[in-house]
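What TrEMBL annotates here:
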- 411: active site (ACT_SITE)
- 463: active site (ACT_SITE)
- 472: active site (ACT_SITE)
- 531-611: domain 'Carbohydrate binding' (DOMAIN)
- 1-22: signal peptide (SIGNAL)
């Protein structure tokens, strides 16, 4: 009988799927992912530091060069501050917040995410002491990698390396401009003065990058072995221009994307990767967003070519393109053995946001095999996140501290050496290798939330500290992941991803010409109630011989009570509308808004090819 039961058990095991498909707690994973950034902090740690096994470090950074470079992030498992991947990390954290900040707020993590961004931007402000000077690295990878020390003990060289007009670095300056511009959107409402400061730095850094062109690793040669800019700098210039347009509404940057899209590769490169080096897929996705928002104007033909490349990237990730990404037998996107997970999270983030862009515009993805529903892109992103959280052939979570089976011997100096708060005895350069690096024991400090490099092309993984290709984490692995996790945890919630989370500044036009079509339209004269309606035309463009106009409409509650219900009547509308919910013959609050407080406003936009629609209040209820 026991033999029969054993045989049946083995038979059931053979029939079982290769790995489980249990649901995951994306909210917990989001919380842990953000903790990882606190473990990577350099400088004076704040009083609310939650990763308590860390302490102050790098307190003399920049002093020998006469500049304060204390702060910022260590990129991975070492103690060097590399500017290019740090800037990309901040850009992607900011993009995650811009798209999914509401979901982060609902789970109580928005404040932590914004703190993580500010830790990086505070450092970038220090690293940009003059308009055409940017410090792009502190420490030297060669001497740093010779030692295995806690950041609190490090005795390695802390030389600071910079770019300037004589030693340019358009890729580094461009990426840092993108980070500052994206972060300025994050802080626009909560800290307007700081937001303005970030945007001012972004303007200067873009001008520096564009005027003095060159690859940063030709100037900061010590970076070549670790973060070589293989793609050059054209992608970063376009990327920075896209973020500056999104942050400033300045027509100059939209024109830059239109003028240079073809010559700088934005419309030419068909990509199958996106990361700290190659930004083209990110640029193409952002420009596709501008096109879907109706902002392309006379650049529409060029922007459509950007969008075609963005959609080629999405199709390749789905396996429905002309040149598809490689995947492991277990279904993980695979680009390279060394820290493959960076490409997984970055590609999955683009798939997530583009899925929402398409859904918000009522469009499908166009692949070689035909139209693909936006939901398929989100399903792809979910499958990748589920894999890295444990739904894989090894049933291993590649996020430290998540699940029951995760890496125990991470290639990370700080986590692998006993905390200085537990044992303050100095750990020497080579002594760290002898005592801690070579240890087969689990890490004494849990590097919660760190996403390690991950498995190889066959889903195999070795949890060994010297296996840096697979067990080393990096900030740019986690940065795009926080956005996906927020989206998967919080759902869509009816948010329109083509409307700004934070209102953009008024449009700025270089050498503006007056337009007879620009007007402000008050609500109908017969209406004298407590609700005001103002419309204005924000942009126009010509497509196929027809002129289209984009109108912004602001509805304000001028009473001293809460507006709990509102019905608007809109007639003479001949195009798409965003920011309201259709209810029968009228329009009501968008799904993410249940009431409008006294003195507050909501904005909706629409596009059509004639004068403004007639908008009036049909019904309302004040609390």
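Cβ from N, Cα, C; glycine included.
Around the Cβ of residue 411 (active site), 23 further Cβ atoms fall within 10 Å across all displayed protein chains. Within the group of active-site residues (463, 472), the Cβ with the highest number of other Cβ atoms inside 10 Å belongs to 472.
The distance from the Cα of residue 472 (active site) to the Cα of residue 463 (active site) comes to 10 Å.
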